[in-house]
Amino acid sequence: MTDSQSSVLDRTAERLAAATPVPLARKVRGLSDKGLAWLFITPTMLLLLAINIFPLIWAIYLSFTNYRANRPNEIVKNVGLSNYQRILGDQDIWIAMQATAHFVFWTIALQTLIGFTLAYLIDRKFRGHAFWTTVILVPMMLSPAVVGNFWRFLYQPQIGLFAYAVSFFTGISPTEIEMLSNVHLAPWAIIIVDTWMWTPYVMLICLAGLRSIPDYIYEAAEVDRASHWRQLWSITLPMALPFIMLAVLFRGIENFKMFDMVNLLTGGGPGSTTEVASITLKREAFEKWRTGYSSAFAIILFVAVFGLANIYVKVLNRVKNR
Amino acid sequence: MSAAAHSVVEPGLTSKRVAGAIVILYAVITMVPLFWIFATSFKTPPDSIAYPPKILFEPSIEGYCNLFTTRTRQTAEYIASLPPATSFCDETTRKRNMVIAGQSNFLPRFVNSLIIAFGSTFCAVFLGTLAAYGFSRFKVPLADDLLFFILSTRMMPPIAVAIPIYLMYRELGLSDTALGMILLYTAVNVSLAVWLLKGFIDEIPREYEEAAMIDGYTRMGAFFKVVLPQATTGIAATAIFCLIFAWNEYAFAALLTSGTAQTAPPFIPTIIGEGGQDWPAVAAGTTIFLVPILVFTILLRKQLLRGITFGAVRK
């Protein structure tokens, strides 16, 4: 609809609204609105109830049993809270949580640092910045599974491009750069791929933050002869902070759930050095078939993520209200 | 704002050049793995595992041949007894002492990806548009709670959802079916669709519909004649985001499909040749799989920020 049309509509609406007696207008506008609202919203709610809530309730039920999905005919026993108790005492689970924490911490630290720096540089608005921004954004749109799988090839000790590049710059023999089978390097192998994929995500949100800072604040700072560093610390960072925090929370939730890329790159190995929570969950549920036990772990993870989501919504609202 | 005032904060030429150089360097480095996928797809298997890695090589479509076919090893005598090769793929395969035995599973898996991605996108956008309009225009009791509930379904780790879904689908006979995957992806995507579309519909002035309704349209009529045409851009952007999610999804597909409904992401890593992974074929499959996303990313670049933050940040 063009502007002239819409302004005609606006004017018509105003005139009619002024001319129409109020009760009649309300009647016309409010006609079966309530029914329509439910008609529009109910299908979505029903689908989410069927595909998300019903299975969740089922999982809660299973978490109190010793059910095993590969033995459907066995008698299911109610075991009370023992699954939960065992999880809290399970050494493997704690190792998995440590691996997850290491992964989440370093990916967020690197992505925030690199992402903000890139956004800051792009905001210098050099020639061609729009084009290069689009180029940088490409990795985050790709399938983490399909691309993660290909990184396995890049990480091959001798023939892989990554090992070759590292040995080219450091002089270390390319056969010794075993990114995926060395227990010290594997956790970094997944951090590198995740940082490669998701730095653009943090960058894009930071860029929106930087662009939301009005020019006049910098102008005032220039008048006061504040140095560039001073401007960065006192204006840019504090004003972009809500955006940075938003990016951190989104990445935190996503990486806490991380499965696809790690599953294809290392499968949790070597040993369990890269066994993040989702990988443990998959092993328990779909390899060991301890359905009841893994359901309990899933519920614990869900409660943890839900807690983060709550924080996220609170931060989101605070960002909005500023 | 006057030009003079603006020049105060305009970065200097040197600072611009340095910033540009660093950003371009990063962009080039970040493109190397993607370039390598593309290059490897045109290498022969021996070239792909050469040391040092070959940057210059004679391009070959052997990877693409291997991606679409299955091959069996034969004796030299048997191959010599065959009629002359009819295609390039035939010829390259025979040079490796093999003959093409049939079609590989790549094409059916790729078609599954298309069916499931488009099917679930259509359903999610359809349901999402209705619900978003409902939340945007009507006073829904507990609207904020319902919206948060819709979003929170997205917060669950996929494996946690997959355990009960696996059992439920087994009971319902939906395991390894396109319908089951479409339902699941629709449920995951509808949360994104509702949040994004609510943002887009909120931006359409209510007065348009009210004017249309005074002109004699019903609420439903105003929705179709006024709101939908205004929301086209938003609906298109939302659809592309849903499409990309469904296209890229791996965890559910790997756990809930194994054969007839398997999509490309769990299939591509399983492509093996003789003596390990057939990297040129994997690269060929990856390239074919990624190209649509590249196109969509370029189309979407203006809406990207909104899509990845569930509409929380708008430019």
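Quick reminder: no glycine exception, Cβ is built from N, Cα and C everywhere.
Whatever TrEMBL says is automated annotation, not expert-curated.
So that you can see what the record holds, here are the features copied from TrEMBL:
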type: TRANSMEM; residues: A:36-61; note: transmembrane segment
type: DOMAIN; residues: A:97-312; note: domain 'ABC transmembrane type-1'
type: TRANSMEM; residues: A:103-122; note: transmembrane segment
type: TRANSMEM; residues: A:129-147; note: transmembrane segment
type: TRANSMEM; residues: A:153-173; note: transmembrane segment
type: TRANSMEM; residues: A:185-210; note: transmembrane segment
type: TRANSMEM; residues: A:230-250; note: transmembrane segment
type: TRANSMEM; residues: A:293-313; note: transmembrane segment
Contact set, same chain, for the transmembrane segment (A:103-122): CB under 8 Å, 6 or more residues outside the stretch: 129, 132-133, 136, 187-188, 190-191, 194-195, 198-207, 209-210, 232, 236, 240, 244, 247-248, 251-252, 255-256, 258, 262, 274, 276
If we skip the immediate neighbours and take only residues 6+ beyond the ends of the transmembrane segment (A:230-250), which ones have a Cβ under 8 Å from one of its Cβ atoms? 108, 111-112, 115-116, 120, 201-202, 205-206, 208-210, 212-213, 217-218, 221, 308, 311-312, 315-316, 318-319, 322
If you count CB pairs under 8 A between the transmembrane segment (A:36-61) and each of A:129-147, A:153-173, A:185-210, A:293-313, the winner is A:293-313
